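J.: For reference, the structure I am asking about is given below.
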Amino acid sequence: MSKNKLSKGQQRRVNANHQRRLKTTAEKADYDDNLFGETSEGIVISRFGMHADVESADGSVHRCNIRRTIRSLVTGDRVVWRPGKDAADGVNVKGIVEAVHERASVLTRPDFYDGVKPIAANIDQIVVVSAILPELSLNIIDRYLVACEAQDIEPLIVLNKIDLLDDDGLRFVNEQMDIYRNIGYRVLMVSSRTQDGLKPLEAALTDRISIFAGQSGVGKSSLLNALLGLNEDQILTNDVSDVSGLGQHTTTAARLYHFPHGGDVIDSPGVREFGLWHLEAEQITHGFVEFHDYLGHCKYRDCKHDNDPGCALREAVENGKIAESRFENYHRILESMEQVQVKTRKNFSSSDD
């Protein structure tokens, strides 16, 4: 994926924030090594400011401080940590995270002040949850798929609430989902209420670290609670409510949970919705995987893939090689990006002067 470009004002803010953090860190004393035991391997299951909950090999969870030399630590990181000892006055000393292993993958989101911000690590797949209610939106599904391709993390499309469909509705929705099956995406149709289709979903989640993405109202929390086997008293409460747009942020901490059937999930409202405004137009184009065979074959090198003469993509649409809905959503995404980028430039205009 090509490097995301920031405006001069955004870059100045990123650098200023980083220098401020370094100055604050330098003024603080580091932790006394004598307060901690031997090093162990662990995984970060949640991050709270300057502390992290680390799960050890035996499954126990330890609240840890974070060495000031560690610049980035997120849920899912594999770490080296040391347990705290009891100090002489009987006050329990927290553990400490000493180092972070190299990440197999990192999930990021655009941030107005810090550029592209990591929010979860070592994710194997993003479960894109949609539903027939409040409405089945292929445009939203396509936006999530573009985000997955940009992050280079495999997506799994899960369509929830199929119990609300009659036979004709089910047939229509299956035809819509065939668009994605035919270009290589995995699609599962489930109902968190009746638990139809949950067994195949459990199999797809086993031995993997997953994260659920989807708009409010599609039943993400209901699915997670069913998969985690939680009762009403244990139900996950950090779902996003009254949020309809991509790219919304939240301060609720991400947390890693273990599925009883195997596999893990990182649950966080902050990573369930993705913004695309930080991506280049070429990245959006590349995010439509069925376009790849036709890119570079247009009559003109600067083809915008719209009404340009000799456009290979439009010809593929006309010949039924590319779904018309996907091609239309591609242009909708580009248009929405332009609108958001204009607003972003206005927000930072005072800083650029």
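Just so it is clear, glycine is given a Cβ too, placed from its N, Cα and C backbone atoms.
Values in this document were obtained by computation on a predicted structure and should not be read as measured data.
The compositional bias 'Polar residues' feature in Swiss-Prot is assigned to 1-17. The region 'Disordered' annotation in Swiss-Prot covers 1-25. The domain 'CP-type G' annotation in Swiss-Prot covers 104-274. Look at Swiss-Prot and you will find N160, K161, I162, D163, G214, Q215, S216, G217, V218, G219, K220, S221, S222 tagged as GTP binding site, backed by sequence analysis. Positions annotated as Zn(2+) binding site by Swiss-Prot: C298, C303, H305, C311.
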J.: Provide, as an integer number of angstrom, the distance between the C-alpha atoms of C303 (Zn(2+) binding site) and V218 (GTP binding site).
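T.: The separation of the Cα atoms works out to 37 Å.
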J.: Which state, by DSSP, holds S222 (GTP binding site): helix, strand or coil?
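T.: SS state of S222 (GTP binding site) = helix.
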J.: Taking only the Cα atoms, work out how far C298 (Zn(2+) binding site) lies from S222 (GTP binding site), in Å, as a whole number.
T.: 46
J.: For H305 (Zn(2+) binding site), which residues in the same chain are close in space, meaning a Cβ under 8 Å from its Cβ, but six or more apart along the sequence?
T.: T285, C298, C311, L313, R314, Y330
J.: Can you tell me the mean pLDDT for the domain 'CP-type G' (104-274)?
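T.: A mean pLDDT of 84 is what the model gives the domain 'CP-type G' (104-274).
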J.: Just name the winner among I162, V218, C298, C303 (the binding-site residues) by count of other CB atoms within 10 A of its CB.
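T.: Highest number of other Cβ atoms within 10 Å: V218.
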J.: For the recorded Zn(2+) site formed by C298, C303, H305, C311, which further same-chain residues have Cβ atoms within 8 Å of the site's Cβ center?
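T.: Counting only non-site residues, the set is K299, Y300, K304, D306, D308, G310, A312, L313, R314.
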